[in-house]
Amino acid sequence: MLFLKVKLFDLDIGVNAVVINEEDLKGTPYYPQDRVLVETPAGSFVGVLHSTKTLVNKGEIGIFREITKEIPIKDGDEAIIRHAETPLSVAYIRKKMDGQTLKPEEIHTIIDEMVTGKLSNIENTAFVTSLYINGMDMKEIEEMTRRMAETGDMIDWDESLVVDVHSIGGVPGNKTALLVVPIVAAAGLTIPKTSSRAITSAAGTADVVEVLTRVDLSLDEIKQVVTTTNGCMVWGGAIDLAPADDITINIERPLSIDPEPLLLSSVMAKKIAAGIKYLVIDIPTGEGAKVKTIDEAASLARKFIELGGRVNVHIECAITYGGQPIGRAIGPALEAREALIALENYKEAPSSLIEKAVSLAGVLLEIGGVAPPKKGKDVAEEILTSGKALEKMHEIITAQGGEPKSSDEIEIGEYKAEIIAPIDGYVTQISNKLITKVAKEAGAPKDKKAGVLLNVKIGNEVEKGDLLYTIYSSSEERLNSAVKLARRTYPIKVEGMLLKRISKF
Ligand SMILES: O=P(O)(O)OC[C@H]1O[C@H](OP(=O)(O)O)[C@H](O)[C@@H]1O
Ligand SMILES: O=c1cc[nH]c(=O)[nH]1
């Protein structure tokens with residue numbers, strides 16, 4: 001064992017590297033590139049060892065900022081270094097890589113070791129990838145869901161009627177939650193919504209809400225907000241609800257994947273932990289979404305409902321249109337602005353956004369008994385059009401530590417480029433994946449002001465030179481790169497009625 005003092009490096013290098021002076025390593029069984037278990041008063045993690053002559057002094061261990069996002073280690077903390085045995089999980093991950101079924105205790109071990117930082121990025125990535133390739137059966141998914149919830153905090157509300165809505169994501173512009181939560185909260189139901197940051201999209205709900213107010217609230221702050229406003233819209237990753245969720249999501253994001261076993265367990269674990277009893281799952285379906293066909297969506301819905309039954313959460317699934325972006329705004333600030341426009345004056349908002357939001361909210365109002373059967377959508381519309389939802393949104397924004405702003409006060413990227421129609425014709429396709437790529441190339445979601453504002457939707461007739469969409473960014477360099485990508489990949493297809501002329505074979 002080595003006893004060292006922590007020296008924190010303010011550097012995001014993205015992996016669990018630790019640096020030890022080579023004098024300290026002399027005569028020990030620890031070698032560069034080895035994995036060592038680092039135990040500190042704030043928690044333990046597995047780090048890849050690097051040696052140095054000068055970066056840290058004898059008696060110090062250099063630790064990077066990445067770690068402190070998961071474990072609140074401070075400068076000067078005592079650290080005990082031990083050889084990191086190969087985690088038990090490695091054998092179980094190999095089993096899943098080989099397509100085998102994992103036993104409950106094997107799944108528990110993987111989640112436990114992931115959450116206690118004993119797995120390196122390599123093992124975590126191998127696990128996520130093996131689920132993407134080989135999947136899991138429902139028993140495995142149930143075990144993973146339970147463990148993901150049990151390894152974190154659980155919130156217990158002192159009432160039974162706690163509802164939530166959660167989208168599996170995958171469709172650009174899906175800012176629906178910013179309407180559904182205020183509508184449902186204004187109706188008096190308790191809706192403590194947790195969201196993840198973007199996984200495959202250019203803006204996750206947590207990224208969008210963060211434009212308007214704080215989302216990294218503590219459990220106590222969340223309870224306070226929900227008690228006073230009936231709702232919240234917070235980032236699940238900031239609190240210890242299902243901690244494995246944020247670890248796996250951080251691996252899914254660069255690969256832009258969302259394997260079904262994790263999709264099911266991630267959503268459900270967060271909801272169990274948040275004490276949700278009634279949950280509506282939004283399953284956007286269509287070309288370019290995570291789910292392509294109605295049949296696939298129905299099969300996923302059945303799995304959600306079955307899983308819900310096993311973990312005592314009442315689930316209803318809404319299969320929604322996901323064949324093109326929801327609304328016109330893609331990117332955190334653009335989507336926050338569009339959501340505010342919808343709350344301020346629904347007539348000015350895209351009908352796809354309004355329609356989806358009041359439909360989902362309507363289901364929750366019926367489940368919650370504050371609207372008669374089949375009348376939920378009408379009640380939701382009334383709450384939206386009367387301004388009650390906007391008022392509630394301002395309450396939630398304030399309670400979470402933000403300053404309510406009107407839509408025209410939301411800042412978007414100062415650099416912009418307009419993409420125009422190359423010919424007369426009709427918009428026949430808006431590629432979810434390509435439009436997301438353009439928005440991300442412009443800098444979203446890290447650059448909150450970056451994104452894409454659509455000027456057309458599928459079916460619109462356009463003339464050569466008409467505006468199709470505008471790309472925004474805070475950086476001219478990123479904007480130019482996004483424009484190049486847009487010009488190379490054509491996210492929006494414009495075609496005449498004469499699609500192809502064949503005059504000879
Ligand atoms: O589209 P991608 O990024 O893959 O999925 C992630 C998004 O889907 C869910 O949306 P919501 O919280 O129900 O609004 C997550 O919380 C996250 O915002
Ligand atoms: O919250 C979410 C949404 C989609 N997929 C996940 O894994 N988690």
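Counting starts with 1 at the first residue shown.
The backbone N, Cα and C atoms fix where each Cβ goes, and this holds for glycine too.
Taken from TrEMBL, the feature AMP binding site applies to Gly170, Ser196, Arg197, Ala198, Ile199, Thr200, Ser201, Thr205, Ser266, Lys290. Taking the Cβ of Arg197 (AMP binding site) as centre and 10 Å as the limit, one finds 24 other Cβ atoms among all the protein chains shown. DSSP gives Arg197 (AMP binding site) a coil state; it is part of no helix or strand.
DSSP assigns Asp258 (active site, proton donor) to coil in the three-state reduction, placing it in neither a helix nor a strand. Annotated active site, proton donor per TrEMBL: Asp258, in sequence order.
Annotated domain 'Pyrimidine nucleoside phosphorylase C-terminal' per TrEMBL: 426-493, in sequence order.
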Residues among the recorded positions Gly170, Arg197, Asp258, Ser266 that border ligand 2 - Cβ under 6 angstroms, in sequence order:
Asp258, Ser266
Counting by DSSP, what is the helix, strand and coil composition of the domain 'Pyrimidine nucleoside phosphorylase C-terminal' (426-493)?
24 helix, 20 strand, 24 coil
Return the count of C-beta atoms lying within 10 angstroms of the C-beta of Asp258 (active site, proton donor), excluding that atom itself.
20
Using Cα coordinates, what distance in whole Å links Gly170 (AMP binding site) and Asp258 (active site, proton donor)?
9
Check the binding-site residues Gly170, Arg197, Ile199, Ser201, Ser266 for any whose Cβ is under 6 angstroms from an atom of ligand 1, and report them in sequence order.
Gly170, Ile199, Ser201
